[in-house]
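Q: What Swiss-Prot shows for this protein is this:
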BINDING   C22, C23, C101, C104  [4Fe-4S] cluster binding site
DISULFID  C184-C186  disulfide bond
Amino acid sequence: MSKPRIKLKLPDNADKLLLHSCCAPCSGEVMETLLYSGIDYSIFFYNPNIHPVKEYLIRKEENIRFAEKHNIPFIDCDYDTDNWFERAKGMENEPEKGIRCTMCFDMRFERAALYAYENGFKVFSSSLGISRWKNMEQINDCGIRAASHYPDIHYWDYNWRKNGGATRMLEISKREEFYQQEYCGCVYSLRDTNRWRMSQGRDRIQLGVKFYSASDPD
């Protein structure tokens with residue numbers, strides 16, 4: 001059983017938050033904590049890294065489903081894959097948590113910061129950091145760097161994993177029976193994950209078939 005939630009306050013006395021969301025499993029706990037805290041927020045979905053398009057659409061639709069359940073505005077941004085692949089050139093064989101991931105976070109947060117600036121959000125954050133598979137310092141550095149390009153825009157680097165957040169993330173995913181992605185998102189992550197699985201005698205990832213269930217072990 002997870003710890004009880006604590007109520008949060010936005011930094012800089014901000015009145016609303018732009019939350020970049022990578023997927024429903026990662027954002028579910030963040031969204032419910034923000035609701036519990038009485039924080040006004042909107043979901044910003046900009047993830048041109050997610051490939052192939054079948055996987056992208058499944059992850060986006062799961063996020064939309066959960067946002068609609070809680071009546072949260074959902075900002076569906078351009079898929080923008082051509083720009084992502086252009087920026088990833090030369091980094092195709094970089095490891096997870098390396099410079100390709102930094103580029104990817106930079107690209108997504110640059111767009112989030114621009115949207116925040118143009119639409120009256122003084123603060124933005126992301127659900128990316130709640131995942132134990134991610135380097136939180138790397139993510140926060142990218143968010144802070146993106147915010148620095150605009151006056152009076154702040155990246156909220158709250159640690160969503162703490163105070164039971166990581167445990168509740170899994171509990172919500174099971175309760176909602178979210179789609180359970182098995183790789184980060186980009187084709188290079190899919191390639192490398194499949195290589196590892198095959199080296200362990202496991203089958204390749206099958207897209208669109210695995211979902212969380214209340215009967216899953218903790």
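Note that Cβ sites are derived from N, Cα and C of the backbone, with glycine treated the same way.
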Q: For each of C22, C101, C104, C184, C186, count the other CB atoms within 10 A of its CB; which of these recorded positions has the top count?
A: C22
Q: Quick one: pull the CA-CA distance for C104 ([4Fe-4S] cluster binding site) versus C186 (disulfide bond), whole Å only.
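A: It is 10 Å, counting Cα to Cα.
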Q: Neighbour count, 10 Å Cβ-Cβ cut-off, for C23 ([4Fe-4S] cluster binding site): what number do you get?
A: 25
Q: From the Cα of C186 (disulfide bond) across to the Cα of C23 ([4Fe-4S] cluster binding site), what is the distance in angstrom?
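A: C23 ([4Fe-4S] cluster binding site) and C186 (disulfide bond) have their Cα atoms 13 Å apart.
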Q: How big is the Cα-to-Cα gap, in Å, between C186 (disulfide bond) and C101 ([4Fe-4S] cluster binding site)?
A: 10
